[in-house]
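Annotated site 'Transition state stabilizer' per Swiss-Prot: R27, in sequence order, evidence recorded as sequence analysis. Under the heading substrate binding site, Swiss-Prot lists E33, H34, T35, D36, Y224, citing sequence analysis as support. The ATP binding site feature in Swiss-Prot is assigned to S67, G124, A125, G126, L127, S128, S129, S130; the stated evidence is sequence analysis. Per Swiss-Prot, Mg(2+) binding site is recorded for S130, E162, and the stated evidence type is sequence analysis. The feature active site, proton acceptor is assigned by Swiss-Prot to D174, with sequence analysis given as support.
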Amino acid sequence: MLENLIKDFKEIFKYSGEVERFFSPGRVNLIGEHTDYNGGFVFPCALDFGTYAVVKKREDKTFKMYSKNFENLGIIEFNLDNLIYDKKDDWANYPKGVIKTFLDRNYKIDSGFDVLFFGNIPNGAGLSSSASIEVLTAVILKDLFKLDVDIIEMVKMCQVAENKFIGVNSGIMDQFAVGMGKKDNAILLDCNTLKYEYVPVKLVNMSIVIANTNKKRGLADSKYNERRTSCEEAVKVLNNNEVNIKYLGELTVTEFEKVKHYITDEEQLKRATHAVTENERAKIAVEFLKKDDIAEFGKLMNKSHTSLRDDYEVTGLELDSLVEAAWEEKGTVGSRMTGAGFGGCTVSIVENDYVDSFIKNVGKKYKEKTGLEASFYIANIGDGAGKVK
């Protein structure tokens, strides 16, 4: 595939010399949802599909960007001296935001580059196509301009780009998983301290199956920011009653039970309940995984979905239909929505002998309930972003 992309790059940019190649994965979160911005634990892994880039450094200050996923937009061009959010630049605002964030932190970027992107992550599926292109851009900048910057710092700058430049209040999980991914491992990440641990995911005769609702959704204008605000308000209420925390993720379920009566707003209470219980589920689930107890891990995935449905209310008809159909299937170890919600994807662990029937039956039931066709992917856990030799 890379050979074809190089060929396309040379045709589009009318160039015949040497080029650089990079890859950045998508990610799926196995458990610990909407906990990252609540200072809690998440458990994502990088996928073996993602975003590819073919790049050539330029002598001037122009950036020329082309995406095989948005060919109708042609080459999007902007200048190093004028890095502002521009709606007409569409997807290219993501790399642009990363470049600006690097410059704002005084990293020396003195010229532009030509780049061809191609992603085989479905856009809007909640598998972090945006974090993938952000971290990919950071890796390109480090390599082309020989920058002295470590991957964790790059990940943080990508989150800043998404928060400040794009305007989505996302936590650090997506960029961290994309940048720090490790083959056959998921990452237990404490989003408050950024302490992390690689945990091998040993699925014997089982697969991770991702199902895409194919429901259109926009993260920036969805109810994502509302949920975050509710949790922040709950923290304020607790602090006014001398609980003294920065994030809900600092409370155990037992501690929360003792103080939750202070939160009188019903909606805030439900949101806070999810944040605290999901954080505990993530920690317990990882302990089961370390003992190779996939059955218990799966049960906690199911409980996670129920909490996201009932307390956090971020699922909706499409995600619930996929998950409930999955729960009815023989061979399903666990199934839940993954990502921000309101559409996007589910993640399931399914016994290999039943994967074909799972895809067929869940797809059929989903179409009957929603009128939409779901897409299914068997996910392999891959490495984080880097240069391709």
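Note: Cβ is positioned from N, Cα and C throughout, glycine not excepted.
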Just checking, which of T35, S128, S130 (binding-site residues) has the fewest C-beta atoms within 10 Å of its C-beta?
S130
Rounded to a whole number, how many Å is the Cα of T35 (substrate binding site) away from the Cα of the residue listed as 'active site, proton acceptor'?
12
Output, ordered by sequence, the same-chain residues six or more apart from S67 (ATP binding site) with a CB under 8 Å from its CB, or 'none'.
L73, W91, A92, L116, F117, F118, G119
Pop the Cα-Cα gap between R27 (site 'Transition state stabilizer') and S129 (ATP binding site) into the table, whole Å please.
8
Go through the recorded positions R27, E33, D36, D174, Y224 and tell me which ones have a CA within 10 A of the CA of S128 (ATP binding site).
R27, D174
Across all the protein chains here, work out how many other Cβ atoms are within 10 Å of the Cβ of L127 (ATP binding site).
30
Give me the CA-CA distance between the residue listed as 'active site, proton acceptor' and R27 (site 'Transition state stabilizer'), in Å, as a whole number.
7
Using Cα coordinates, what distance in whole Å links D36 (substrate binding site) and G126 (ATP binding site)?
15
Between G126 (ATP binding site) and H34 (substrate binding site), how many Å separate their Cα atoms?
13
Using a 10 angstroms cut-off on Cβ to Cβ distances, just flag whichever of G124, G126 is the loneliest among these binding-site residues.
G124
From the Cα of Y224 (substrate binding site) across to the Cα of S130 (ATP binding site), what is the distance in angstrom?
15
Setting E33, H34, T35, D36, Y224 aside, what same-chain residues sit with their Cβ within 8 Å of the center of the Cβ atoms that define the substrate site, listed in sequence order?
G32, Y37, N38, V42, G171, M173, R227, A275, E278, A340
Between R27, H34, D36, D174, Y224, which of the recorded positions has its C-beta surrounded by the fewest other C-beta atoms within 10 Å?
Y224
Please give the maximum pairwise Cα distance, in Å and rounded to a whole number, for the ATP-binding set S67, G124, A125, G126, L127, S128, S129, S130.
19
Please report the three-state DSSP label of S128 (ATP binding site).
coil
